[in-house]
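Take a look at the structure below.
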(Lines of atoms letter the chains of each structure in order from A and count residues from 1; the text may use other names and numbers.)
(Lines give C-alpha, C1' and ligand atoms only; values in the text may rest on other atoms or scores of the structure.)
Protein backbone atom coordinates (compact mmCIF):
# COMPACT_ATOMS: atom_id res chain seq x y z
CA UNK A 1 0.00 0.00 0.00
CA UNK A 2 1.35 3.40 -1.00
CA UNK A 3 1.96 6.01 1.68
CA UNK A 4 0.18 9.32 0.96
CA UNK A 5 0.48 12.66 2.78
CA UNK A 6 -2.03 15.47 2.19
CA UNK A 7 -1.66 18.95 3.68
CA UNK A 8 -2.94 22.45 3.14
CA UNK A 9 -2.40 25.99 4.35
CA UNK A 10 -6.13 26.20 5.20
CA UNK A 11 -7.84 24.88 8.32
CA UNK A 12 -9.97 22.35 6.38
CA UNK A 13 -8.95 19.81 3.72
CA UNK A 14 -11.75 17.87 1.93
CA UNK A 15 -10.85 14.18 1.90
CA UNK A 16 -12.99 13.59 -1.20
CA UNK A 17 -10.80 16.05 -3.12
CA UNK A 18 -7.72 14.10 -2.06
CA UNK A 19 -9.06 10.81 -3.47
CA UNK A 20 -10.24 12.49 -6.67
CA UNK A 21 -6.77 13.95 -7.16
CA UNK A 22 -5.08 10.59 -6.56
CA UNK A 23 -7.08 9.14 -9.46
CA UNK A 24 -5.16 11.51 -11.76
CA UNK A 25 -2.02 9.47 -11.11
CA UNK A 26 -3.59 6.33 -12.59
CA UNK A 27 -1.89 4.23 -9.92
CA UNK A 28 -4.04 1.45 -8.41
CA UNK A 29 -1.87 1.33 -5.30
CA UNK A 30 -3.26 4.68 -4.12
CA UNK A 31 -6.97 3.75 -4.33
CA UNK A 32 -7.18 1.98 -0.96
CA UNK A 33 -4.60 4.09 0.83
CA UNK A 34 -5.14 5.96 4.09
CA UNK A 35 -3.64 9.42 3.63
CA UNK A 36 -2.19 11.41 6.49
CA UNK A 37 -3.91 14.80 6.72
CA UNK A 38 -2.16 17.95 7.93
CA UNK A 39 -3.62 21.46 8.01
CA UNK A 40 -2.14 24.96 8.38
CA UNK A 41 1.23 23.71 7.19
CA UNK A 42 2.36 27.24 6.26
CA UNK A 43 3.29 27.80 9.89
CA UNK A 44 5.70 24.84 9.87
CA UNK A 45 9.34 25.26 8.91
CA UNK A 46 9.84 21.50 8.41
CA UNK A 47 7.49 18.59 7.72
CA UNK A 48 7.36 16.04 10.58
CA UNK A 49 8.24 13.18 8.23
CA UNK A 50 11.35 11.16 7.53
CA UNK A 51 13.39 11.52 4.37
CA UNK A 52 12.32 9.37 1.38
CA UNK A 53 9.37 7.93 3.33
CA UNK A 54 6.33 8.99 1.24
CA UNK A 55 5.11 7.82 -2.18
CA UNK A 56 2.64 10.64 -2.93
CA UNK A 57 2.30 14.17 -1.58
CA UNK A 58 -0.94 16.11 -2.11
CA UNK A 59 -1.07 19.85 -1.43
CA UNK A 60 -4.07 22.18 -1.47
CA UNK A 61 -3.16 25.87 -1.62
CA UNK A 62 -5.27 28.93 -0.99
CA UNK A 63 -2.56 31.52 -0.53
CA UNK A 64 -0.73 32.94 -3.54
CA UNK A 65 2.68 32.43 -1.93
CA UNK A 66 1.92 28.83 -0.98
CA UNK A 67 3.75 26.51 -1.56
CA UNK A 68 6.99 28.32 -0.93
CA UNK A 69 10.41 27.25 -2.18
CA UNK A 70 11.24 25.99 1.31
CA UNK A 71 8.12 23.81 1.35
CA UNK A 72 8.90 22.41 -2.10
CA UNK A 73 12.33 21.47 -0.79
CA UNK A 74 10.67 19.65 2.11
CA UNK A 75 8.35 17.83 -0.29
CA UNK A 76 11.36 16.69 -2.31
CA UNK A 77 13.04 15.50 0.90
CA UNK A 78 10.15 13.35 2.18
CA UNK A 79 9.30 11.86 -1.23
CA UNK A 80 10.82 8.58 -2.30
CA UNK A 81 12.82 8.51 -5.56
CA UNK A 82 10.24 8.39 -8.36
CA UNK A 83 7.45 9.62 -6.06
CA UNK A 84 4.68 11.97 -7.23
CA UNK A 85 3.52 15.37 -6.02
CA UNK A 86 0.08 16.91 -6.68
CA UNK A 87 -0.45 20.61 -6.06
CA UNK A 88 -4.02 21.90 -6.24
CA UNK A 89 -5.03 25.52 -5.94
CA UNK A 90 -8.45 27.04 -5.31
CA UNK A 91 -9.62 29.72 -7.71
CA UNK A 92 -12.79 31.68 -8.46
CA UNK A 93 -11.18 33.79 -11.20
CA UNK A 94 -11.20 33.53 -14.97
CA UNK A 95 -9.52 30.79 -17.01
CA UNK A 96 -6.71 33.07 -18.20
CA UNK A 97 -5.67 33.88 -14.63
CA UNK A 98 -5.79 30.16 -13.75
CA UNK A 99 -3.48 29.29 -16.66
CA UNK A 100 -1.02 31.95 -15.52
CA UNK A 101 -1.01 30.57 -11.95
CA UNK A 102 -0.56 27.02 -13.28
CA UNK A 103 2.50 28.02 -15.30
CA UNK A 104 3.99 29.64 -12.18
CA UNK A 105 3.55 26.40 -10.20
CA UNK A 106 5.08 24.36 -13.03
CA UNK A 107 8.11 26.64 -13.10
CA UNK A 108 8.54 26.37 -9.31
CA UNK A 109 8.44 22.57 -9.51
CA UNK A 110 11.02 22.44 -12.28
CA UNK A 111 13.35 24.80 -10.43
CA UNK A 112 13.01 22.62 -7.31
CA UNK A 113 14.27 19.58 -9.20
CA UNK A 114 11.01 17.83 -10.13
CA UNK A 115 10.41 16.28 -13.53
CA UNK A 116 7.47 15.99 -15.96
CA UNK A 117 5.47 18.91 -14.56
CA UNK A 118 2.03 18.76 -16.17
CA UNK A 119 -1.14 20.81 -15.69
CA UNK A 120 -4.38 19.00 -14.76
CA UNK A 121 -7.97 19.77 -15.66
CA UNK A 122 -9.95 21.88 -13.22
CA UNK A 123 -12.30 20.23 -10.72
CA UNK A 124 -15.25 21.65 -8.83
CA UNK A 125 -15.97 20.26 -5.39
CA UNK A 126 -18.53 22.98 -4.64
CA UNK A 127 -20.37 25.24 -7.11
CA UNK A 128 -18.55 28.26 -5.75
CA UNK A 129 -15.08 26.70 -5.74
CA UNK A 130 -12.88 25.59 -8.66
CA UNK A 131 -9.71 23.57 -8.25
CA UNK A 132 -6.94 23.31 -10.81
CA UNK A 133 -3.73 21.40 -10.25
CA UNK A 134 -0.25 20.39 -11.42
CA UNK A 135 1.45 17.03 -11.04
CA UNK A 136 5.15 16.21 -11.18
CA UNK A 137 7.62 13.47 -10.25
CA UNK A 138 10.75 13.31 -8.18
CA UNK A 139 13.76 11.93 -10.09
CA UNK A 140 14.37 8.22 -9.62
CA UNK A 141 18.03 8.84 -8.78
CA UNK A 142 19.48 10.25 -5.60
CA UNK A 143 21.72 13.28 -5.27
CA UNK A 144 25.34 12.24 -5.79
CA UNK A 145 24.49 8.93 -7.46
CA UNK A 146 26.59 7.81 -10.42
CA UNK A 147 26.71 5.01 -12.92
CA UNK A 148 29.23 3.78 -15.46
CA UNK A 149 28.75 4.49 -19.14
CA UNK A 150 28.97 1.55 -21.50
CA UNK A 151 31.65 1.95 -24.11
CA UNK A 152 30.60 1.12 -27.62
CA UNK A 153 33.01 -1.33 -29.22
CA UNK A 154 33.62 -0.96 -32.93
CA UNK A 155 33.68 -4.35 -34.61
CA UNK A 156 35.58 -4.84 -37.84
CA UNK A 157 33.61 -6.15 -40.82
CA UNK A 158 34.02 -9.84 -41.41
CA UNK A 159 35.56 -10.84 -44.71
CA UNK A 160 34.04 -13.90 -46.30
CA UNK A 161 36.80 -16.04 -47.87
CA UNK A 162 35.78 -18.63 -50.42
CA UNK A 163 38.34 -21.44 -50.31
CA UNK A 164 36.99 -22.94 -53.53
CA UNK A 165 37.94 -19.90 -55.64
CA UNK A 166 41.04 -20.14 -57.87
CA UNK A 167 43.94 -18.04 -56.63
CA UNK A 168 46.68 -16.72 -58.94
CA UNK A 169 50.30 -16.86 -57.90
CA UNK A 170 51.59 -13.28 -57.71
CA UNK A 171 55.10 -14.29 -58.86
CA UNK A 172 53.70 -15.62 -62.11
CA UNK A 173 52.60 -12.11 -63.06
CA UNK A 174 56.21 -10.83 -63.08
CA UNK A 175 58.25 -10.74 -66.28
CA UNK A 176 62.00 -11.15 -66.74
CA UNK A 177 62.41 -7.37 -66.95
CA UNK A 178 60.69 -6.99 -63.57
CA UNK A 179 63.08 -9.48 -61.97
CA UNK A 180 66.20 -7.64 -63.14
CA UNK A 181 68.00 -5.60 -60.54
CA UNK A 182 67.72 -1.91 -61.39
CA UNK A 183 70.99 -0.13 -62.06
CA UNK A 184 71.66 2.71 -59.62
CA UNK A 185 71.86 6.14 -61.18
CA UNK A 186 75.28 7.72 -61.04
CA UNK A 187 75.56 11.14 -59.55
CA UNK A 188 75.91 13.68 -62.34
CA UNK A 189 79.07 15.78 -62.53
CA UNK A 190 77.22 18.57 -64.37
CA UNK A 191 79.07 17.38 -67.55
CA UNK A 192 82.20 19.30 -66.72
CA UNK A 193 84.35 16.92 -68.80
CA UNK A 194 86.45 18.09 -71.72
CA UNK A 195 83.87 17.16 -74.35
CA UNK A 196 80.72 17.96 -72.38
CA UNK A 197 78.69 21.11 -72.13
CA UNK A 198 77.11 22.80 -69.11
CA UNK A 199 73.67 21.57 -68.12
CA UNK A 200 70.58 23.76 -68.32
CA UNK A 201 70.54 24.65 -64.61
CA UNK A 202 74.27 24.70 -64.10
CA UNK A 203 75.44 25.71 -60.64
CA UNK A 204 79.07 24.61 -60.78
CA UNK A 205 80.35 27.56 -62.87
CA UNK A 206 80.67 25.65 -66.19
CA UNK A 207 78.16 27.93 -67.95
CA UNK A 208 80.00 31.10 -66.89
CA UNK A 209 83.30 29.69 -68.17
CA UNK A 210 81.78 28.86 -71.55
CA UNK A 211 80.35 32.38 -71.86
CA UNK A 212 83.78 33.88 -71.18
CA UNK A 213 85.33 31.72 -73.88
CA UNK A 214 82.64 32.73 -76.38
CA UNK A 215 83.15 36.47 -75.67
CA UNK A 216 86.91 36.23 -75.88
CA UNK A 217 86.67 34.31 -79.15
CA UNK A 218 84.33 36.84 -80.65
CA UNK A 219 86.71 39.65 -79.61
CA UNK A 220 89.56 38.09 -81.60
CA UNK A 221 87.38 37.84 -84.71
CA UNK A 222 86.21 41.43 -84.32
CA UNK A 223 89.73 42.82 -84.55
CA UNK A 224 89.71 42.39 -88.35
CA UNK A 225 86.02 42.98 -88.85
CA UNK A 226 84.90 45.74 -91.23
CA UNK A 227 81.59 47.52 -90.68
CA UNK A 228 79.19 47.55 -93.63
CA UNK A 229 76.80 50.19 -92.25
CA UNK A 230 79.33 52.46 -90.62
CA UNK A 231 77.35 52.65 -87.36
CA UNK A 232 78.96 49.79 -85.45
CA UNK A 233 81.39 52.07 -83.62
CA UNK A 234 78.71 54.53 -82.43
CA UNK A 235 77.35 52.26 -79.69
CA UNK A 236 74.42 49.91 -79.10
CA UNK A 237 71.86 52.67 -79.78
CA UNK A 238 72.95 52.80 -83.46
CA UNK A 239 73.76 49.11 -84.01
CA UNK A 240 71.43 46.66 -85.73
CA UNK A 241 70.09 43.52 -84.13
CA UNK A 242 72.70 41.25 -85.74
CA UNK A 243 75.69 43.54 -85.14
CA UNK A 244 78.71 41.57 -83.86
CA UNK A 245 79.75 44.58 -81.75
CA UNK A 246 76.53 44.37 -79.70
CA UNK A 247 77.33 44.91 -76.05
CA UNK A 248 80.83 46.40 -76.68
CA UNK A 249 81.74 50.02 -75.89
CA UNK A 250 81.82 52.66 -78.69
CA UNK A 251 85.04 52.94 -80.75
CA UNK A 252 86.44 54.82 -83.74
CA UNK A 253 86.69 53.16 -87.15
CA UNK A 254 90.00 51.30 -87.52
CA UNK A 255 90.64 51.40 -83.78
CA UNK A 256 91.37 48.09 -82.08
CA UNK A 257 88.52 47.04 -79.82
CA UNK A 258 89.76 46.46 -76.27
CA UNK A 259 87.87 45.43 -73.17
CA UNK A 260 88.41 46.67 -69.64
CA UNK A 261 89.90 44.36 -67.05
CA UNK A 262 86.61 44.02 -65.14
CA UNK A 263 84.36 43.65 -68.21
CA UNK A 264 83.97 39.93 -67.78
CA UNK A 265 83.70 40.11 -63.98
CA UNK A 266 80.35 39.16 -62.48
CA UNK A 267 78.22 42.01 -61.16
CA UNK A 268 77.19 40.01 -58.09
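Heads up, the Cβ atoms here are built off N, Cα and C, so glycines get one too.
According to TrEMBL, the protein has these features:
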type    : residues           : note
DOMAIN  : 39-129             : domain 'Anamorsin N-terminal'
DOMAIN  : 190-259            : domain 'Anamorsin C-terminal'
REGION  : 229-243            : region 'Fe-S binding site B'
BINDING : 229, 232, 240, 243 : [4Fe-4S] cluster binding site
MOTIF   : 240-243            : motif 'Cx2C motif 2'
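Features per TrEMBL, on structure.
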| residue | record | Cβ neighbours (10 Å) |
| --- | --- | --- |
| 229 | [4Fe-4S] cluster binding site | 10 |
| 232 | [4Fe-4S] cluster binding site | 23 |
| 240 | [4Fe-4S] cluster binding site | 11 |
| 243 | [4Fe-4S] cluster binding site | 16 |
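For the motif 'Cx2C motif 2' (240-243), the DSSP-based tally of helix, strand and coil residues reads 0 helix, 0 strand, 4 coil. Residues 229, 231-232 of the same chain sit 6 or more residues outside the motif 'Cx2C motif 2' (240-243) yet have a Cβ under 8 Å from a Cβ within it. Shown for the domain 'Anamorsin N-terminal' (39-129): DSSP residue counts in helix, strand and coil, namely 30 helix, 31 strand, 30 coil.
The secondary structure of residue 232 ([4Fe-4S] cluster binding site), as reduced to three states from DSSP, is helical.
On the 0 to 100 pLDDT scale, the domain 'Anamorsin C-terminal' (190-259) averages 70 in this prediction.
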